[in-house]
Every structure is written in C-alpha cells, then in structure tokens.
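Student: This is the structure, below, for whatever I ask next.
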Amino acid sequence: MKYGIIGRNGRMGNEIYNLFSEKGHDLVFSYDKEGENFLETPEVLIDFSLPTAFEKVIEYVEKFRCPLIIGTTGLSNEQITKLKELSQTLPIIQSYNFSLGIQVLLRLVKLADKLLDDVDIEITETHHRFKKDKPSGTAKMIKEVLNKEVNISSLRLGNVPGDHTVYFGNLGEIITISHRALSRRTFAAGVLKSAEFALKAVAGFYTFQDIFELTKEE
Ligand SMILES: NC(=O)C1=CN([C@@H]2O[C@H](COP(=O)(O)OP(=O)(O)OC[C@H]3O[C@@H](n4cnc5c(N)ncnc54)[C@H](OP(=O)(O)O)[C@@H]3O)[C@@H](O)[C@H]2O)C=CC1
Ligand SMILES: O=C(O)C1=N[C@H](C(=O)O)C[C@H](O)C1
C-alpha cells in the first residue's frame, strides 16, 4: 500500500516505517514539525504525533480523502467529535492503544469488575521519561470501561515502552491484571492490521476493539 505518516521522525513513526517497509509498503507522504515530504497521494494516512498537530491531520485527510489511523493520545472531546464528523464520509480508526494484548486486558478488567463486589480498584501506568501526556491514553480507556471513578497513578521511568496494571483488592485478597508492551513493534503491528482493514472498510468511526473483533476469526 501507499501510506503517509504524520510524526514520521518520532519513536512510533520510526517503528511503523520499519515494519511497513519490511512488508513492502511505500511511504509516499510524511509530515513533522520540519514540514512535509510529498511524493504521491497516500491510500491511507497514519498519525502518531501530538494533539497540537491535529488541525494539520484533518487538513491532510480532507485533502487526500483517504482513511485515517490515529494513535495520538491526549485528544480533546472536540477533537474526537471532529473525527466522528469526518467518519461520516471516510473510515477513521482511533485508539489510544494498538496492541492486541490491551484488548484482552480490557475484557478481563470488565469481567473482574462484574464478578467482584466491595473491592478497591486502582490503575497504574508506567512509561518512558519522554512521554508528554499523563495519565496515558490507555489508562483513560481502562477507566472508561470500568465506568466509575478510579484513581490512576503514573510513573515516568527510563525507556519503558508501556506497562498498565489494574488492581482489585478486598480485605482478603488482591487480583492484578497487567499488560506489558515489550517493544513498540506490538503497536506498529496493530497499526498495520488497522491500515489493511481501512483500505477495504466503508466510512465509519472504528476503534481498535472493532478491528480486533472483526478480524479475529481470520
Ligand atoms: N495508540 C497507541 O498505540 C500509541 C500511541 N502513542 C502516542 O503516539 C504519539 C507519538 O508518540 P512517540 O512517537 O513516542 O512521540 P515522539 O515525540 O517520539 O514523536 C512525535 C512526532 O510527532 C511530531 N510532531 C509533534 N508535534 C507536531 C506538530 N505540532 N506538528 C507536526 N509534527 C509534530 C514530531 O516531529 P519532530 O520530530 O519534528 O519534533 C515527531 O515526529 C503520542 O501521543 C503517544 O502517546 C504511542 C505509542 C502507542
Ligand atoms: O506514549 C507512549 O509511548 C504510549 N502511549 C499510549 C498511551 O498513552 O496509552 C500507548 C502506549 O502505552 C505507549
């Protein structure tokens, strides 16, 4: 496929570029703070940058009229609403975590919450020292599936790609449900799966959970 990346020079941009190159896909467009590099109109656009680049992301999607895979965290409610508007005419895939393992964690967390009464619930997330947002987008997603007020503790340590743990504790025992990304390759693999899906998809707003469920039978 011919694809574009916003945030190409970043940690995720680099990982996505390496994986997509290994699979024979062609980078035909990129945009970073330095500016744009245009070779051809992409068939799919991928954004892993910062919320400050969002206006440009929208501008390029409208210009290229191609599907968007967006993994940038810390988006505002207004920005999510804008993506949903855009999804009326194009496939938009948005997630704060593109690893398969986090999809499993979300299901396990929902199940534990359903089965346990009178428990204290805590979420912790640990990421590399360069991460700009706090708490992580994934921790916010976990809180959303729990649908209740839950405390999130954030650690910024060295080069950790991304750890998330949910604790359920009562007076007799503690259950912990954890996920650890061993490298950013796991997120890039989810982005590739999403890009392949997007090329065949009809217009709509999709999450990585939708991709996980729609493609797991394959
Ligand atoms: N959904 C998921 O699964 C995951 C999401 N993320 C999220 O992805 C995003 C990127 O993470 P990461 O790669 O580690 O970050 P980096 O800081 O390594 O990279 C950010 C990239 O975005 C570019 N950028 C930043 N601001 C702008 C702007 N205003 N205009 C244009 N380009 C801009 C930077 O350009 P320059 O190099 O020129 O400064 C850089 O290329 C974060 O929001 C992170 O939380 C990360 C991992 C997984
Ligand atoms: O910035 C990162 O690195 C990551 N960000 C995402 C988040 O905020 O949840 C996903 C992953 O944990 C890595």
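Just so you know, glycine gets a Cβ as well, placed from its N, Cα and C.
TrEMBL does not curate its annotations; it predicts them automatically.
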Student: Given that TrEMBL assigns G7, R8, N9, G10, R11, M12, G71, T72, T73, S95, Y96, N97, F98 to the NAD(+) site, pick the one from D32, D113, D117 that the record assigns to that site as well.
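Tutor: So, going by the record in TrEMBL, that would be D32.
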Student: Quick check: with H128, G137, T138 left out, which same-chain residues have Cβ atoms within 8 Å of the centroid of the (S)-2,3,4,5-tetrahydrodipicolinate site Cβ atoms?
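Tutor: Once H128, G137, T138 are set aside, the remaining close residues are T73, Y96, N97, E125, H127, K131, D133, S136, A139, G162, H164.
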Student: By DSSP, how many residues in the domain 'Dihydrodipicolinate reductase N-terminal' (1-98) are helix, how many strand, and how many coil?
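Tutor: Here the numbers are 36 helix, 27 strand, 35 coil.
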Student: Please go through the recorded positions H127, H128, T138 one by one and keep those whose C-beta falls under 6 A from any atom of ligand 1; give the result in sequence order.
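Tutor: By the Cβ criterion, which requires under 6 Å to ligand 1, there are no hits.
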